[in-house]
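For reference, TrEMBL lists these features for the protein:
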- 73-106: region 'Disordered' (REGION)
- 172-213: repeat 'WD' (REPEAT)
- 214-255: repeat 'WD' (REPEAT)
- 256-297: repeat 'WD' (REPEAT)
- 298-339: repeat 'WD' (REPEAT)
- 465-486: region 'Disordered' (REGION)
Amino acid sequence: MPGATLEMEPVEPQSLKKLSFKSLKRALDLFSPLHGHLAPPDPKSKNIRMSHKVSLEYGGNKAMTSQPSLGVNAIASGHGAQPPVPPNTLALTGPEDSSDLQKGGAQNDLIVSPSIQPKASNDVGLPSKSSAVVSASGSSERNLSTSAIMERIPSKWPRPVWHPPWKTYRVISGHLGWVRSIAFDPSNTWFCTGSADRTIKIWDVGSGRLKLTLTGHIEQVRGLAVSSQHTYMFSAGDDKLVKCWDLEQNKAIRSYHGHLSGVYCLALHPTIDVLLTGGRDSVCRVWDIRSKAQIFALSGHDNTVCSVFTRPVDPQVVTGSHDSTIKFWDLRFGKTMLTLTHHKKSVRAMAPHPKENCFASASADNIKKFNLPKGEFLHNLLSQQKTIINAMAVNEEGVLATGGDNGSLWFWDWKSGHNFQQSQTIVQPGSLDSEAGIYATSYDVTGSRLVTCEADKTIKMWKEDENATPETHPVNFKPPKDIRRF
């Protein structure tokens, strides 16, 4: 006030909350003098918004979204009449808006095809509940409405083939220690098992009777293989020995010397007279069967080589190790072709598919499938056995069996990676529950029988349940969620 004397008014004590409210009110008075009215529309910015919206809705990339209801019927027909809008929605309406919309539509050639219907639920163009309202939930509502009208894409994950469940039909006891290895005769009449009692026993497949016991190792027998071209059987053990047995004379005729520690795995090349052994010295050694000479020492792993398989074509040798890697080897030069580092734990078991060019590898973290010959990672199997997997085998029907340290035997569909059966081995009477462990597993030549070698000193034989049907044992399959469904 002019002419008035300035007097210092006593300042009343005010709370911080009250002061901040006052500051807010002052800012509101300064920048928005008309509380009840929205700011006047800006035609230029609205044209930019409209063109962006048109490209989203009619560009073919996205389905129609229910953004602010701009009277799509009116735009399509060219009429500028706009219905009244509730005061709490931010809708760009009014006479100026309609002319701007028509301009925007003309510039962008906005065409509404008869097949595309606006999402607004009412015909007069009133903003529906899913319109963009000035509220905190506007964006979430918009997302919901978008996903509601988008077409649901079915999962591309392959559906599992139905397989009957497997059941134990025979338990063979005869070994005096853990049964560590198994191999089938190519004629499918007998199979041999190696044990921690230092013996190799040969059993009849049909009856399960013992045919022969071979002694000669001085430690547990960890690996076995039977030749399809000769009357030879090969064995490897913790005593660093690799032996060749002549099955016509039933005695060891050759020993292959060179490993510096225990030998954990053994494989025969399918086409040439070559034997491969892997052990605790971190080396996979390649032997000439006839001359007993070591051809190569495939070195490169940083830890025990605990699994190996061979193929007639490159990569002819694949090894898995406790250093959690898988290596492909070039057998001509004895060099590494490729190293797969997908696993986080020891790769204790691998199984090539008998028909397809791919293989599975198992470690305590996951069971993974890889392509051959390039080694591309395909996918993980869809469940986790959550145990150390010592053995795995797959038959021609695509049934993968994995045996764990805790006695769990899980059956999987190869194509989809679906786990269709989880069975638990039962220890023989007189054994501890902790002796439920599976060390080796193999299908017979036909793939109709499965044999498991276990820590309770028994050999168990499994077959499919003949009485099971898809109705009695339906496939309980859910596609993995990390595959996008829409």
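Along the chain as shown, residues are numbered 1 onward.
Cβ from N, Cα, C; glycine included.
Are these features on the surface or tucked inside, and what are their neighbours?
Residue counts for the repeat 'WD' (172-213) by DSSP state, with H, G and I taken as helix and E and B as strand, are 0 helix, 24 strand, 18 coil.
Look at the repeat 'WD' (214-255): DSSP puts its residues at 0 helix, 24 strand, 18 coil.
Here the repeat 'WD' (256-297) has, by DSSP, the following mix of helix, strand and coil residues: 0 helix, 23 strand, 19 coil.
The DSSP breakdown of the repeat 'WD' (298-339) into helical (H, G, I), extended (E, B) and coil residues amounts to 0 helix, 23 strand, 19 coil.
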Over the span of the repeat 'WD' (214-255), how high is the average pLDDT in this prediction?
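Across the residues of the repeat 'WD' (214-255) the model's pLDDT averages 96 on the 0 to 100 scale.
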So what's near the repeat 'WD' (214-255) in sequence-distant terms, Cβ-Cβ under 8 Å and 6+ beyond its ends?
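Sequence-distant neighbours of the repeat 'WD' (214-255): 177-178, 180-186, 192-202, 261-268, 270, 273, 275, 277, 279, 287, 289, 292.
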